[in-house]
């Protein structure tokens, strides 16, 4: 009993001494004679300020002993130890020994000069912030240059070109929340053109929208065999890569159909890029010839408190719908909310133009961010096929749009933009920038999105039965 009490007292004294020197706070036991487990990145030997009992020592002494002064120097804490250990951990991550608790913390390489060395939640937090700021700055400069040159859809196209150029040499980066917020702003802004008179006119154009939506899907059926042969894709992948239903919508539908997603994503993205670069330039001539159209409305005045309330409502609706399976939850719900308020005459405030331009910059940067060196070099055959098929699809849709406009007595430029094989956000921004019947263009694209969700699968099955697609 006396011997056991002495052992307990000795262990308590050793534990108190270890904790007082900050070498071990946790009760981790290591048997005598076994090597101290080293932290990641180190060799088998433990830290320099620990040593073990020799083999054959007291079996009851299972705790590490503090190093005697002079036998092993303790590393100094702070930036000096942080920098000294960085070489042992490689260029990305390194360790810092915290003497107060005797633990090893991982820090961001960019934070090594900060006093106190707080732990970073991500290994490259500072680099990510710098990349985001650099991307937004370059995109804004590109948009400003294109705006000064009076290029149609300047802020979006300029941001896209500038970001793609940056992304070729340095990885462009955007925060994952920026594009959803930009879509909310665009949805609220575009929906404010649906006045009661415009809503009545849109009702009369519904037959033309239905015909245009079905013809858009059929044009994808026409182009799919050519894209499949040129890119070496099977008929199903070529079909989902060719139908102009919007990037997000077609990716969702392709995933549900069990189609390989990378070719669909690349082809749909390239087609949007081609449409954004061609349709605004081609339709810029008609920008000043459609001012008398019933679909062109005056923009609402901005009331700051009500504007903030509208933005909060749009964000709330979009956030709620993002939990559902809707294809574009960040734009469609705010757009419908804005249409409902404007159509009933209860929209309290407009969205300022500077916010719309900022949203265009984010949208352009998000498109340019997709154009990486690997994106271009790893799929050159598919890219060439997608560009050629997109140009053919643009010509077919433009011709059909002119014909439908003349047949249904609608503004041909607006119908052409409504038939354009691009995404609804991009074409809505184009219509707003060129004042080309924004409600009509959005109506065409909304109808096509609905028809794509309903009929893309059945039309593919019908085309297979008719041996149009093999």
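Glycine is treated like the rest: Cβ placed from N, Cα and C.
Over in TrEMBL, the protein carries these features:
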{"type": "COMPBIAS", "residues": "23-54", "note": "compositional bias 'Basic residues'"}
{"type": "COMPBIAS", "residues": "71-95", "note": "compositional bias 'Basic and acidic residues'"}
{"type": "REGION", "residues": "1-95", "note": "region 'Disordered'"}
{"type": "TRANSMEM", "residues": "122-146", "note": "transmembrane segment"}
{"type": "TRANSMEM", "residues": "152-170", "note": "transmembrane segment"}
{"type": "TRANSMEM", "residues": "182-202", "note": "transmembrane segment"}
{"type": "TRANSMEM", "residues": "208-227", "note": "transmembrane segment"}
{"type": "TRANSMEM", "residues": "239-258", "note": "transmembrane segment"}
{"type": "TRANSMEM", "residues": "270-288", "note": "transmembrane segment"}
{"type": "TRANSMEM", "residues": "300-322", "note": "transmembrane segment"}
{"type": "TRANSMEM", "residues": "334-361", "note": "transmembrane segment"}
{"type": "TRANSMEM", "residues": "382-408", "note": "transmembrane segment"}
{"type": "TRANSMEM", "residues": "436-460", "note": "transmembrane segment"}
- Task: Kindly say whether the transmembrane segment (270-288) and the transmembrane segment (382-408) touch, using the definition of 3 or more Cβ pairs under 8 Å where each pair is 6 or more positions apart.
- Result: yes
- Item | Leading stretch by Cβ pairs under 8 Å, where the reference is the transmembrane segment (436-460) and the options are 152-170, 208-227, 239-258, 382-408 | 208-227
- Output the single range from 152-170, 239-258, 334-361, 382-408 maximising the number of Cβ pairs under 8 Å to the transmembrane segment (182-202). 334-361
- Query: Counting Cβ pairs under 8 Å to the transmembrane segment (382-408), which of 122-146, 208-227, 239-258, 300-322, 334-361 comes out on top?
  - Reply: 208-227
- Which of 122-146, 239-258, 334-361 has the most Cβ pairs closer than 8 Å to the transmembrane segment (152-170)? 122-146
- Stretch among 208-227, 300-322, 334-361 sharing the most Cβ pairs under 8 Å with the transmembrane segment (239-258): 208-227
